[in-house]
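**Student:** According to Swiss-Prot, the protein has these features:
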TRANSMEM  37-57  transmembrane segment
TRANSMEM  58-78  transmembrane segment
TRANSMEM  100-120  transmembrane segment
TRANSMEM  122-142  transmembrane segment
TRANSMEM  155-175  transmembrane segment
TRANSMEM  182-202  transmembrane segment
TRANSMEM  228-248  transmembrane segment
TRANSMEM  251-271  transmembrane segment
TRANSMEM  291-311  transmembrane segment
C-alpha cells in the first residue's frame, strides 16, 4: 500500500475557493440520491409503527429527516472536499469544482442540522429529535472525521449512521424505540458493508490515491471478496427477522427469501472471480442490485402494511 493510502490528514488547499453557488449547487450538497433512500426507509419506519400519526406530523417528521440527512451530506462534503477534488467520481462536486466555498457548505449544513433537530423536537417529539441529532453527529464526527481516513472498518462502524432513519421514523410515531425498529436498523447496517465494498472493489484506485483506507486498499481484493461473501451470508437471515418477530407476513418472507438468494448468487460471483475486468463487472452488478434489493425489502414491508397483510404466521414464541 502506498504512503498516500495511509494518510488521514486533510489538505484544504487541494480545491479552489469559489463564490456563492446557485440553488442547484446547494441542493447538490444535500446528496439528493442518498437522501431519497433515507426518506423512503424512514417512511417505512413510520408506516409499520403501531398506533396512528396525523399526516401533517408524519410529513413534518419526514421533512426533518430529509433535511437532517441533507445537512449531514453537506457537512460531509465540507470536510471531505480535499479528497473529493482528487477522485474522478467526486471532482465535480460543488466545493472541489469551486462553485461553493467550504465555509459556505459548513454554514449551510450547520444551519440545516439545527433546523431539522429543533423542528423535529418541537413539532414531533424529542425522542425522534434526539435520534436525529445523534445520527447527524455520528455521520459527521464518528464516520467522516474519525473513521473514514483511519480504518478499513470505516464502512462497518460508520454504516450505522445510514441505518437510523427507520428507527427515527418509528420514534416519530411512538415516542420510543423497540425491537422492531432495531431490526430495521440491523438490516441496513448489515447491508452497508457488501454494498460499499462492491463499489470499493472497482473504485479502489481512487480510494488509494486519496488515502482512504478502504478494505481493498488495505487488505487486498481477495480479502474484500471474502468479506463481501461473509456479510452477505449474514445479511440474508437478518432480513427474515421481521417475519419471525411477527411484523411481516408470508408475502414479505417469500419475496425476501428470493431476493436474498439473488444477493447471495451475485456475492458468490464476486467471491469466485479474480482481479480484473470480470471482478469489476461482478462488483458493479452487486452494487447496482444491492440498491434495488434494499428498496424492495422495505417496499414489501410498506405494501404489507397498506394491504393489511403483515402477520404472525412465522413469529417465534418469545
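All positions are counted from 1 along the displayed chain.
Each residue, glycine too, has its Cβ placed from N, Cα and C.
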**Student:** Look over the recorded stretches 100-120, 155-175, 228-248 and say which has the most C-beta pairs under 8 A to the transmembrane segment (58-78).
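**Tutor:** By Cβ pairs under 8 Å, 100-120 leads among 100-120, 155-175, 228-248.
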**Student:** When each of 37-57, 155-175, 182-202, 228-248, 251-271 is checked against the transmembrane segment (291-311) for Cβ pairs under 8 Å, which one has the most?
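**Tutor:** Per the Cβ under 8 Å count, 37-57.
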